[in-house]
Structure formats: C-alpha cells, structure tokens
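A short write-up of the structure that comes next.
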Amino acid sequence: MADRDVQARAAALRREIERHNYAYYVLDAPTIPDAEYDRLYHELEALEAAHPELVAADSPTRRVGGQPLAGFKPVRHAVPMLSIRTETDTTAAGARAFDVRVRKELGLAPADPPVEYAAELKFDGLAINLRYEAGVLVAAATRGDGETGEDVTQNVRTVRTIPLRLHGDAPPAVLEVRGEVFMRRDDFERYNAQQRAAGKPTLVNPRNGAAGSIRQLDPAIAGQRPLSFYAYGLGEVVGWPDAPATHGATLDALQGLGVPVSAERCVCNGVDDLIAFHDDIAARRDQLPFDIDGVVYKVNAFALQRELGFLTREPRWAVAHKYPAQEQLTTVLGIGVHVGRTGALTPVARLAPVFVGGVTVTNATLHNQDEIDRKDTRVGDTVIVRRAGDVIPEIVATVLERRPQPEPPRFNILQSYPVCPECGSHVVRLEGEAVARCTGGLYCPAQRKQALLHFASRRAMDIDGVGEKLVDQLVSRELVRTPADLYRLPLETLAGLERMAEKSARNLIQAIETSKSTTLARFIYALGIRNVGETTARDLARHFGALDALLGANETALLGVRDVGPIVAQSIAQFFAEPHNLEVVGKLRALGVHWPETTGMQQSGGILSGKTLVLTGTLPALTRDQAKERIESAGGKVAGSVSKKTDYVVAGEEAGSKLAKARELGVTILDEEELLALLGSNKKNG
C-alpha cells in the first residue's frame, strides 16, 4: 500500500492537472506553459505506474486509452432523454406559436404578465448523458431511443472539456448532466488538414465527426479527435438540497461545478425577447465557432415546467426553433466550369434543385481538380451540398454508397476542357497549382475587365482616366475587347459615354497617346502574365533587352533570368505560346506602342549588376519609384533595410535611421546627383 505522502501527492496532482485542463480547454485561458503541464502529467503517470492501487476513476491519465470494445453495452436512462418538439415555422411566427400554446396551457389571459423563458443554442452534434456520483464521472451514454442508450464512457473520458470530477467540496450525490458533444469548425478543419497531409481519410462534417468519434470502438481513436462539450440540462438528480429553481440558474450552477456551458444563452421576458434572441443568433450564425441548426426555448421556472408536463414523448414547456438547413442531399446532373476574371477555371456542379440555406440551389462549386479528386464527385452521384449565409453553395461530400452502377467516369478538367470555353485559348495547370487556367489573358472575354484595368494601371502603362466605371462601359458596349482596342478609340465615341464630356475625352485620348512611349519593363508587366510582378518584369527587360528576344526564349532560357524559377518560367512560356496573346502584342506594337531596346544582360551586364542599394528620405527630383526603376534597369537590387551586404545607401531629405545605420556600418552614401552620375552610362536601359 502506498504511504500517505504518495497518496496525498497523487491526489494533489490530479486536482492541479484537472484545474489546468479546465483553464485550457473550457476557459481557453491556459495558466501554465505546456512544458510544466507535461511535467505534472508525467509525474502522475509515474506515481500511478509505481502504485497501481492509486489509479482513480477521475484521474486525468484515464482520459485516453483502454482496450478496444467489442460493442457498446445498452444503458437504461434513469430519467428518459426525450426529444423536444421542432417548430416547423422558421420565422418569428414560430416563436409566437410556442408562446401562445404555453400561455393557453397555463391559463394565462392576454393581460397577464409575459412568461419567462430560457433561450439557448441547438447544437449540431451528439446528445450525451453524463452521470456523476459524489462528483466523479462514472458513466456516459448516448440518447439512443430516449429510454435506452449506449455506454460510451471510455470515449467520453477523452473529451478534454468534460470534467472527470466536479468542482466544489459538496457536489450532489447523483447528478446527471445532459448536453452535446460537438466539434468546433476550426478543430474540424485542422484535423482534416492533418489527415490529408498524412494521406488518411477525412471527416465529412463536424457533426458526423463528433458522432462518429464517440461511437468508435477503440477509445484511442476517439482520443485523437478534437471534441468539445456543452451542457444544456439535467437527468437524474439526488442529494442537491440547494438545487436551483429555474433552468437559467441551473446552467449557471453547472458552470460553477466546472461543466462547460455556452455563453450564447439568455433569460427572456416574453416572446419578443425570444424573437430578438432568435434573430441575433441568426445574424451571427456563420460567425459562431461551431455549427448549430437552431435555438431552443424553454419555460424557465421548473414549477411551471412541471405544471405544463409532457405530450406523449415531448415536453410542452420546450421547443426547438430551427433555421433553414445549411446542408441537404441532392444529385449531380452535370459538371461544367466557370472562367473567372483571372482566368481560373472553377468546376461547377449542376444539381437537381434543392432548398438549402433558405434558397433553392441548382449549382455548387467544386473548387478545383484536387477537391474533385478528394471528394471523388462524379455525374450522377448523390452529394451533400452546403450553403451557409451568403457563402457560395459547395459540395462538401459525396455519398459513395448511393453511386449509380455502372460507375460513371471521373471528371478531369483538362480532358473535358482542353481549351477555354470563353475564348478557345489553351487551358493549362501549372506545376504546384490546384487551379486550371485559361492562357488567353489578353484575349479572353471572362478576363477582359481585369486585363484592361491592369494594363492601364499606374505601374503598368499608366493611362490616367481608365478606371472601373469607364472599363465597365467600354466592355458592356463592346467598344473594347483587348488592350489594343484602347488605342483605336475615337474622340466622339468616348465623348458619348456617361460622365465623359468632350474635355475629359480629349484628356483621355492624350493619356492613351502618351502611354505609347513606355519602357520594356512596364510593357511586360502590363501584359498581366501570371506570377510576373514589377520586379520580375524589370529583370526580364534587363536580361533580354528586346521583346523579340523574350518572345523567342524557352523555359531553359527563362531560368537564366535572376529570381525566375520553374513555375514563373513555365507561366511566361505558356503565355507567349498562346497565339491569341501574340496577336494582341502584335497589334499593340503596330499601333505605335514602343520602348527603348538594348542588347540585354545576356551580352552586357548593367553598371549596377550584383549591387544592392537602399533608398531613404526624399530625393529632390526622382520619386522613389523612379529611382528604384532606374537602379533596377542598371542591374541593381533595391533592398528595404541596411546591412553589411548593402553596397550603397541613396539618401535624400529627412533621411532617418537607415542613414545612421549606413554610417555605422561604413556603407557608401550617395545623394541623388551622385546616383545619377553613377547611372549616367546606363541611361539607355531605362
């Protein structure tokens, strides 16, 4: 037998670990570092291993483990776990109908005071009955048929938010706590991400994840699932002399005993408060960290609950007021694609019409090829479609047991859509990307607005006056199909557009004309090649010097450009391999868009090649962007901070800490005049 000191230490460790468990899992406010928690836990494990007689039913070490079960034993509930009635009207009228029934049963006149109710969430998980004797969790059972459930004690012990021992010195002799085991959305997503990374099966949704975990025959598997629990009522109670007289006070008391209770609850004075609660939760439903399918109203006073009694298997004093379902079953009638403004081809399932999330849904996104493969969704399949709030409906799972025979073929975007359905350009899927894309960025109608706005933007062709509203008009009236069409717009056409008088039209024509004289770097950036930003565009311009040299470069040649990797090289090569894009580039050149060209760094390096510069302060003549462009055109790199690797710091007025750092490190400091002198022999590269 262990001596008293060992017994006392084990008991103290159990209390301390459970206190930290409550703070971490229930309050979400850890009180000690993980390493210290692990030290306490391992100390208790070692004590119990050395003294098996010390192992108690409420020990934290008993949460996870145990032998796999052959099956679940039936458990008869001391107090039946009855279901509550569901109000079919999901509007405010549903709450009013419940209030009318309650007041009628209680014999209240219209002039009598309002009934006090308790309102709470209807969690979307698995109902569980927890039995505590002398404050220790001794059994847990599912609802079952209401009279008899299944013994899931071993699995429930693995749920970290469920206390194995109640707080307080004088718990009731018997206390049955009823509530819901569920899975938070973030825990669900995190678990599925880990499963996918390990190549293991994922869970369909949080509800199935919670129910399936509790009904695992192997408690070790249940212990790996991130489950949570909230209490919402009582079963059998013995020896609780100061038991509360209302439902709301009971939930407060349970919280005081260490049992998790949702904060999303209130005591309501009459039906108007119920409706306000219902509407408030409805507005925030999608922001809650877990799934719910409605709210529950209960007459608050237990004395009135007893007076109202039951109707067959349902209490007259409670009702579930549901929201429109966010998930439903339907059938996939076909799979097509939607071409987005960036050229992404998103697979879309055409569905047999189904009412979900308050609307009739006929289409749902399948996201990308990886998601189609993961869910194995095919035409003819029965699927679970979800629509939450304003979120685009999506297919969350395929019901494989209902797949038609013979099995329909798998869907593959590149096989079904080798060319873009909008413009006929080639469709590709870059290595490492989940999305298939149209390569006709300058030509594709679906990408037209985005391509035009990017082409005219300040850092690209810098056409002042070309904004979203103008582009909307130009595209909707079919005046512009590609960027080349901007250079053909007549004055009278522009002057006839909304909010475009003749003076504005003349200014725009002048801006378009001015933009014809540009730099090769700006022109490359303006083309909107995927993965090619300003810096890469400048690197390409410096390296090749001339557009024709770039057009003739294969992926191997592109990999020779500074900071261009395989994905960027592939993206550039595929863009210029698309005839539609080359056609637009040719038209732009024919319409007078031009730039200075050089032999490129393939044959001659820039004067600042391999040098790193830092800009600080305000320069007298050059803007920061202009200075950066000149430096990069000369082969230099502009960094954001000063280090030992910095070659020059260019300082203007009100230079700050970067200048001080440069002096400290002995870095050469230039003013604007000295920078321009250094760049003097490289002006032709701008």
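The backbone N, Cα and C atoms fix where each Cβ goes, glycine too.
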Query raised in the report: Given that Swiss-Prot lists C420, C423, C438 as binding Zn(2+), which residue among C268, C444 does it place in the same site?
Result: C444
Report task. Can you grab the distance from C438 (Zn(2+) binding site) over to K122 (active site, N6-AMP-lysine intermediate)? Cα atoms, rounded to a whole Å. Result -> 45
**Report entry** Structural state of K122 (active site, N6-AMP-lysine intermediate), classified by DSSP into three states
**Finding:** strand
Query raised in the report: What Cα-Cα separation, expressed in whole Å, is found between E36 (NAD(+) binding site) and C420 (Zn(2+) binding site)?
Result: 58
Report task. For the recorded Zn(2+) site, enumerate neighbouring residues of the same chain (Cβ within 8 Å of the Cβ centroid of C420, C423, C438, C444, site residues themselves excluded), in sequence order. Result -> V339, G343, V419, P421, E422, G424, S425, V427, T439, G440, Y443, P445, A446, Q447, H580
Report task. Check the Cα-Cα distances from C420 (Zn(2+) binding site) to the recorded positions K122, R143, K298 and tell me which is shortest. Result -> K122
Query raised in the report: Near R143 (NAD(+) binding site), which residues of its own chain have a C-beta under 8 A away, given they sit six or more steps off in sequence?
Result: M81, S83, A127, I128, N129, G149
Query raised in the report: How would DSSP class C420 (Zn(2+) binding site) in three states?
Result: coil
Query - Residues of the domain 'BRCT' (603-686) by DSSP state, where helix covers H, G and I - result: 33 helix, 17 strand, 34 coil
